Amino acid sequence: MAVSLPMESNPETMNKYLQKLGVSNKWRMVDVMGLEGDPLKWVPRPVLAVILLFPLSEHYERHRSQQENELQVESQQPPKDVFHLKQVLSNVCGTIALVHSVANNTNTIDLEDGLLKEYLKSASGLDAAAKGALLENSTNILRAYEEVLNSPNNPANEDNEPVNNHFITFIHKNGNLYELDGRKSIPINHGPTTPETLLEDSAKICLEFIAREPDNIGFNVVALVPAQ
């Protein structure tokens, strides 16, 4: 079983990690400086995925439990064309968020032969739990992040996020906005969206997360966009 280090919500570090996994340098993570108004317009387009970092808290756990209960009552099944994996290891949610971002956009992203392409090929046809177990044993993927952190030209990790934070991803698939959380059983469908409005629609859901934590400022949002 591999061991994972907590990921920092730092686009520069994330981009080095993505390239190490085999993602083309035509794509990169950037900070989203605000969730309303002009800051959303400053983000390059198209936006392929949005990643939210937020504090794990009692509010989140209650909301997650409520969602899971509703899904069970409604007997919702996971959409077959959305790549979603369950979190098994501690601290691996950052890697999962990046995998979710890329795996659901392989029709657009040039993925080179390498660690991530090999993982996705092996994960094809598996359910979310099995995908999570496969990542747990993908030592090279998790070690790649450690190598990025330890590289001489990597910025000092002063902003490294504590373990009580969590990453989730928002993507567009077949006209719907999906929230992909490794701690939830299936993707959460937040209703209609388009490739053009993914960022704005995701921002609205991010604001709902923030509203549930009025006394907490530990939020950060990044987006997967074309390199300029």
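Backbone N, Cα and C atoms are what each Cβ position is placed from, and that goes for glycine too.
Annotation comment: TrEMBL describes 3-226 as domain 'UCH catalytic'. According to TrEMBL, the site 'Transition state stabilizer' annotation covers Q87. What TrEMBL lists as active site, nucleophile is C93. Per TrEMBL, the feature active site, proton donor maps to H166. Taken from TrEMBL, the feature site 'Important for enzyme activity' applies to D181.
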Across the domain 'UCH catalytic' (3-226), average pLDDT on the 0 to 100 scale:
92
Using Cβ-Cβ distances, find the residues under 8 Å from the residue listed as 'active site, nucleophile' that belong to the same chain and are at least 6 apart in sequence, listing them in sequence order.
M7, Q87, H166, F167, I168, G182, R183
Between the recorded positions Q87, H166, D181, whose Cβ has more other Cβ atoms within 10 Å than any of the rest?
D181
